[in-house]
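Visitor: Structure incoming, see below.
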Amino acid sequence: MIKAFVERHPLAVALLLAASSFGIAVLSVTASRRPVVSDVGDVAPEDLEPPTEGEQTLALFWSTENFFWFAVALLAVGLLAWAGWLREAGFGWPRRWRNARLLALPLLVGVLALSDGVRVPGVWIFLATLATVLVAVFGEEALFRGLMLRVLAPSGLLRAVVATSLLAGALTLGVSVLTGPWPEAVQATALATCGGFTYAALRWRTASLWPAVLAHALISLSVAISTPGATLYLIVLLLGTVGFVAYGLFLLRNPRAREDGGPPLRPPRGANGAGKRGGPPR
């Protein structure tokens, strides 16, 4: 009965998943919120000292964002396992190894962001940053390019790519507003929305989620530790937004390209002649 509802109302299910994920974010922020100190005189002198490297490392590991994305990853993987869709959602090695070359542009953007230098206060902080990036990237990819793309793709691949990208941006905006300032929230939203087009295309053309995870992780880590100048920053931002939308649409530019990868999904009920090679109706 539940699977039938998913097949009949894929967009409603995707919206419900996004809303549920935002609910997890609200709970995570509420649970980790500390009481506000109205008078600095009430603060212990040792608490006014700059945090040590160990304290910064622990703060990164036990951050609200880590708990949130870990919970989202469990939700997405759990639902996919329950539905028997792990393989169809890309949890397997790429079946289209020749399409691994399509990662060239995203990897180039990540390397370009690092070309002006990096800021790494210490080895442990770097490892904590890497762990934070991997948790967030896996959670986002499992939810949007794994579960949601599997739910939406049978009703049209391009529509699914657009919908998952917009929902990824909306969730990123909501989470960023809860945990950070507006300027950073806007930038993160733009990168999540536009990057979604390329990550979804990579996931589809390689028939695996892992290339998208790799590209996304490299770019996120590069943004987190790089120190680009103004000109390079604008170039990277342009490539990571407009460039990624254009590249993703290029990779899925016609039915022949869209058939070069992706799982043989079952078409929606009532769709006649939609079970052609390469996946859902287009």
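Yeah, the Cβs are placed from backbone N, Cα and C, and that goes for glycine too.
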Visitor: For the transmembrane segment entry in TrEMBL, name the matching range from 11-28, 209-226.
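Guide: Of 11-28, 209-226, TrEMBL gives transmembrane segment for 209-226.
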Visitor: Out of 98-115, 121-144, 232-252, which stretch has the largest tally of CB pairs under 8 angstroms to the transmembrane segment (185-202)?
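Guide: Stretch with the highest Cβ contact count: 232-252.
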Visitor: Six or more residues beyond either end and a Cβ under 8 Å away: which residues meet both conditions relative to the transmembrane segment (121-144)?
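Guide: Answer is 17, 21, 53-54, 56-57, 60-61, 63, 65-66, 68-73, 75-77, 80, 164-165, 167-168, 192, 196, 199-200, 203, 209, 212-213, 216-217, 220-221, 224-225.
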Visitor: Is the number of Cβ-Cβ pairs under 8 Å between the transmembrane segment (232-252) and the transmembrane segment (67-86) three or more, considering only pairs separated by 6 or more positions?
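Guide: With fewer than 3 qualifying Cβ pairs, these stretches do not touch.
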